[in-house]
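First comes the structure, then the notes that go with it.
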Amino acid sequence: MTTLVFYQTILNWYHHFGRKTLPWQIKKNPYKTWISEIMLQQTQVKTVIPYYCKFIKRFPNIDTLSDSPLDSILNLWSGLGYYTRARNIYKTAKILKQKFNGIFPNSYAEIIKLPGIGKSTAGAILSFGFNLYSCILDGNIKRVLIRYYSININNKYIEKLLWKTIESITPIYHTNKFNQALIDIGALICLKSNPKCNICPLKSTCKSYLNNKLFQINCKKNKKHIIPKTKYWFLILQYKNYIFLEKRQNLGIWKKLFCFPQFIRQNDILSWIQKNNTKIKKINILNEFKHKLSHLTLYINPIWIIINKISIFSNNNKTIWYNLNNPQCIGLPTPVTKIITKIKKFNTHHE
């Protein structure tokens, strides 16, 4: 297949089958492209869509985003995971407001300097947001290239090789359609396992398909590593319709999110209660549950304590009494949200 035929084949497939109605593809602009690309990092499209729609409705532009508190951004991000992305969005919004007057720069050199934006994301912003020539190398495109050219994934220079490859085949014209087509072929056809080669527009010249190597090629090297496990005790302190939460600081997991007081040892909970002169009305020990992070597996043991009166007062920067009936706009980790939902259901059934 010649280079020209290769382009025409991909663009023709995109015309008939490519995705063109995703929320960030409608009335697209650099801001929408940026937000969607950050959300799509390590997260599937179907998961991102509802989060993206809520986010854009609340923060329709750079100004509204940069003028809002970080807590409101983390609130809409709650449940999406990888919260560093949200914190980087906030940092970038501030930079764009202060340095670029709220206008997204169309220079690769400027975009690549912004927090949380790497080479491929910068390329996506330029290609999809500005309709400029720029290469993209996300996980989907990597998979297509590795299979199409039958690239050895054990090559220690594979990243450089893939960039060199995509740079050599990305056309100057209709770059955005070409990029989106490769992404879609990777996402819809050239799957991690059980690729749908029978409907792939590139199968007639795909080296892996022709050499029957499809199931020997993965886009990631197989790395065997043991994910550490940690046990946490969560103290759920409730007074009427309020629950006590602490803001996590800059160390460890869930930075800047609000969480129940956490303990490594169960005995530390008693010490905490005594230290804060907490008057206990009732204690409920909830079932342990597992929560997986990318680098850690947590075994969470919630202890739910009903108290007679508040002995700890809110400090807006560090602690709050979370209103179950009228929740504050703050970021919450998924395990905290799950527990709060259970408590609200329990309270509703026992009113």
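Along the chain as shown, the residues are counted starting at 1.
Just so it is clear, glycine is given a Cβ too, placed from its N, Cα and C backbone atoms.
Database features, via Swiss-Prot:
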ACT_SITE  E37  active site, proton donor/acceptor
BINDING   C190, C197, C200, C206  [4Fe-4S] cluster binding site
SITE      D138  site 'Transition state stabilizer'
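On the structure: features taken from Swiss-Prot.
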{"residue": "E37", "record": "active site, proton donor/acceptor", "DSSP class": "helix"}
{"residue": "D138", "record": "site 'Transition state stabilizer'", "DSSP class": "coil"}
{"residue": "C190", "record": "[4Fe-4S] cluster binding site", "DSSP class": "coil"}
{"residue": "C197", "record": "[4Fe-4S] cluster binding site", "DSSP class": "helix"}
{"residue": "C206", "record": "[4Fe-4S] cluster binding site", "DSSP class": "coil"}
**OP:** Could you check the binding-site residues C190, C197, C200, C206 and say which one's CB has the fewest neighbouring CB atoms inside 10 Å?
**Re:** C197
**OP:** To the nearest whole angstrom, state the Cα distance for the pair D138 (site 'Transition state stabilizer') and C190 ([4Fe-4S] cluster binding site).
**Re:** 13
**OP:** Would you mind ranking the recorded positions E37, D138 by how many other Cβ atoms sit within 10 Å of each Cβ and giving me the lowest?
**Re:** D138
Original post:
From the Cα of C190 ([4Fe-4S] cluster binding site) across to the Cα of the residue listed as 'active site, proton donor/acceptor', what is the distance in angstrom?
Top reply: 20
Subject >> Shell of the [4Fe-4S] cluster site beyond C190, C197, C200, C206, same chain only (C-beta within 8 angstroms of their C-beta centre) >> reply: V144, R147, Y148, I185, I189, P195, K196, L202, K203, S208, Y209, L214
